[in-house]
């Protein structure tokens, strides 16, 4: 039985790693795979299962941090990315504009404020199957609109051409994506495209902006719930974390490689199909009614 539970932990880590940064909603997939199928709460307990989801999310976040480690070092002016010794202000200003720490902070502000004000409310009232289906569907429509608009944009911007206003607006869309199922990456990439970024630039900024705020949010949640972790369940947590981290590395690199080629509409169609599938299970067969 213990082996079966470990396998379930690995499966959940894989699902988290595949979906956390893809524009398909990790929440929707965790409801489908865990709450409707594997039911980790039955062998971990509801509180410990919630903490497990925080841990595997951290695995995905660390994967994104690793993929973008060079960019983060550059943003923080660490190591070889710091200013050249003796370089004057005029020389610095003459360099091409680069994404900097202020862009990231400006993008984080809306979600940070909303999270501090409404995190408990969202956790208690919006994590139901119907609300997640709404988020999945509305987010899919938004992605389709963004992709249709992007066809009309000539010479879309790169990530280093983002200005502070664009960063703030994309940050607002990250705050909107706190509605479960809407998808953080789906929302922010769509908004970035609507703000005349190319898909790769919007994806890059989405991940760069998401890492610090998700680390902070998941870290705080883990501090609040760490006492729910049982010693006997630690192998379950470790395997789930490692699965999410490993699969997350592969998924993020693959998505970034394909982001300018396959766009958002295929993901939007997939989300609509997912909504229909979950709706059939929920309304037709009563699966997940207790969620």
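Using the three backbone atoms N, Cα and C, a Cβ is placed for every residue, glycine included.
Lifted from Swiss-Prot, the feature list:
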type     : residues : note
TRANSMEM : 1-21     : transmembrane segment
TRANSMEM : 48-68    : transmembrane segment
TRANSMEM : 102-122  : transmembrane segment
TRANSMEM : 126-146  : transmembrane segment
TRANSMEM : 162-182  : transmembrane segment
TRANSMEM : 203-223  : transmembrane segment
TRANSMEM : 231-251  : transmembrane segment
TRANSMEM : 267-287  : transmembrane segment
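Distant neighbours of the transmembrane segment (203-223): 21, 51, 54-55, 57-58, 61, 64-65, 67-68, 71-72, 75, 99, 103-104, 107-108, 111-112, 115, 119, 159, 162, 167, 170-171, 174, 184-185, 188-189, 192, 197, 252, 255-256, 259; these residues of the same chain sit at least 6 beyond its ends, with a Cβ under 8 Å from one of its Cβ atoms. Scored by C-beta pairs under 8 angstroms, the transmembrane segment (48-68) has its highest count with 231-251, from the stretches 1-21, 126-146, 162-182, 231-251, 267-287. The stretch in closest packing with the transmembrane segment (231-251), judged by the count of Cβ pairs under 8 Å and taken from 1-21, 126-146, 162-182, 267-287, is 1-21. If one looks beyond the transmembrane segment (267-287) by at least 6 residues along the same chain, the residues whose Cβ comes under 8 Å of a Cβ in the stretch are 22-25, 28-29, 31-32, 36, 129-130, 132-133, 136-137, 139-141, 143-144, 147, 183, 186. Sequence-distant contacts of the transmembrane segment (162-182) (same chain, at least 6 residues past either end, Cβ-Cβ under 8 Å): 25, 27-28, 99, 102-104, 106-111, 113-115, 118, 122, 126-127, 131-136, 138-139, 188, 190-192, 195, 197, 201-202, 205-206, 209-210, 213.
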